[in-house]
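Listed in TrEMBL:
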type     : residues : note
TRANSMEM : 30-47    : transmembrane segment
DOMAIN   : 34-477   : domain 'Major facilitator superfamily (MFS) profile'
TRANSMEM : 82-103   : transmembrane segment
TRANSMEM : 115-134  : transmembrane segment
TRANSMEM : 140-162  : transmembrane segment
TRANSMEM : 174-193  : transmembrane segment
TRANSMEM : 205-226  : transmembrane segment
TRANSMEM : 356-378  : transmembrane segment
TRANSMEM : 384-411  : transmembrane segment
TRANSMEM : 423-447  : transmembrane segment
TRANSMEM : 453-473  : transmembrane segment
Amino acid sequence: MPKEYKNEYQPLLAKATKDRRRPKLPNKSLLLAVCAAGIGGTFQYGYNISVINAPTAYVQDFINQTWSERYQTQISDDGLTLLWSTIVSIFTLGGLIGAMIGGTLSVRVGRKGTLLTNNIFALLAALLMGLSYPTGLFELLIIGRFISGLNAGIAICVQPLYLGEIAPTSLRGAMGMGTSIFITGGIFTGQVIGLRELLGKEEYWPILLSTTCIPAFLQLLILPWFPESPRYLLIDKGDEEGCKKALKQLHGIADCDSEQEDIEKERNSLSGLQAKKPWELFADRSLRWQVLTIMVLNAAQQLNGINAIYFYAGYVFKQSGIPSDKIPYATVGTGACECITALTCGMLIDRLGRKVLIMGGYTLMAICCVLFTLTLTFQEASPVVPYLSMVCVFAFILSFGLGPGGVTNILTTELFTQNSRPAAYMLAGSVNWSSFFFIGLVFPFIVLGLKQYCFLVFLVICCLVIIYIFLVVPETKNKTFLEIQNEFQSSKKRQIGCLDGAGTILLSTSI
């Protein structure tokens with residue numbers, strides 16, 4: 001083609017590409033696939049975190065009674081606290097192991113195949129926890145919670161992987177927010193079902209803990225009707241026909257060719273490369289900034305103070321004059337607040353971009369840390385102050401849901417290509433669950449030592465993360481995985497070249 005014609009058609013080609021990547025309404029089949037993946041995926045994670053809170057006193061009474069019948073003596077307060085803490089916290093150990101094996105399973109049996117297989121753990125956990133009371137074995141609660149954690153760890157590793165790979169480039173952010181939406185939906189559902197009007201009474205607690213089987217059954221019924229990840233089919237399995245069929249079902253006939261073209265480009269660039277193991281990510285110098293980024297963001301997601309806010313929520317509600325028996329309803333309000341912000345983030349993410357939302361979320365959280373420290377310090381100064389503390393609680397939760405709560409998982413998908421993405425999720429999940437366990441272990445001591453000033457620690461963490469994102473993380477909105485990879489590498493090479501003055505790096509950048 002002559003040069004003048006190329007120049008003439010260049011704007012038209014650019015416009016066509018821009019139109020293709022402009023956010024539009026998703027295909028109905030794509031939305032249903034997201035729901036099918038989420039209901040038995042990260043919904044279980046959120047549900048199992050919140051549902052254990054309602055029957056706390058009843059489960060402790062059951063342990064006390066069982067111990068007395070077995071050993072003809074009362075269990076000590078320390079022993080009871082230890083057993084209850086084990087039941088609650090062993091969920092995180094299961095989650096950590098689940099995250100470690102989730103990526104490997106997703107490569108071997110596929111993203112959809114792993115999600116379906118994962119329901120075995122949810123059903124087994126529900127059975128064990130449901131049988132604990134009639135059999136008089138509180139040990140079944142410990143095993144059941146561990147298996148629930150295993151299920152949640154695999155789900156939170158594989159579901160974002162599946163959603164990121166089935167979504168078109170223009171809707172990848174919104175569809176990826178399905179992970180966060182279903183986590184918050186699970187938390188909210190667990191809070192509602194745990195109310196006394198539903199299954200929150202003493203005689204219902206075994207049924208309450210075994211309701212985790214319901215989402216598993218729903219996913220087993222619905223997900224088989226939807227296809228495997230098109231990227232997995234083409235890049236990992238070489239199934240061109242299966243990929244095209246999946247794209248037609250998920251994106252519609254009109255858009256499937258352009259998406260397949262993007263997947264073909266990625267496959268060609270990865271030709272001859274095998275799926276990486278998590279430890280191989282550290283050895284690959286071209287991925288070191290991406291690896292550092294997901295480690296920082298996933299650790300910060302747990303260490304940014306959101307757990308502290310929930311710890312103080314009950315105290316704040318009580319100080320605000322809410323009767324003790326009504327506090328569970330106020331707590332449900334925090335769950336509803338998270339759901340609303342996750343949905344809002346889903347609508348905004350493909351318009352404002354990932355970087356704006358996550359930096360904005362951390363900035364608002366930093367401001368809330370300062371205000372919450374002040375309101376807790378001067379709690380007795382005025383009758384108005386407790387209400388200001390309540391506003392800070394909801395503002396912090398809104399800020400978390402608007403940025404860090406949803407965007408972190410999406411960035412883990414977008415910063416890596418097909419051969420390194422499962423390993424990246426294994427690494428990100430391991431860091432996230434380890435941080436979750438660490439903050440659960442250390443936070444009571446932080447509160448004991450610093451009291452309300454503990455939020456100054458979280459303020460520092462939020463500020464450091466804001467600086468890191470501003471300097472290191474590129475905007476990924478409306479970019480293919482290859483474009484993101486190339487931009488990340490080129491920008492980091494330039495930065496390293498400027499900092500180190502390394503001639504070889506400068507040379508490779510110019511080439």
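Glycine is no exception: its Cβ is also placed from the backbone N, Cα and C atoms.
Note: TrEMBL annotation is automatic and uncurated.
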Summarise the model confidence on the domain 'Major facilitator superfamily (MFS) profile' (34-477) as a single mean pLDDT, whole number. 87
Thinking of Cβ pairs under 8 Å, which stretch from 30-47, 82-103, 115-134, 174-193, 205-226 has the most of them with the transmembrane segment (423-447)? 82-103
Selection from 30-47, 140-162, 174-193, the stretch that has most Cβ pairs under 8 A to the transmembrane segment (205-226): 30-47
Stretch among 82-103, 140-162, 356-378, 384-411, 453-473 sharing the most Cβ pairs under 8 Å with the transmembrane segment (30-47): 140-162
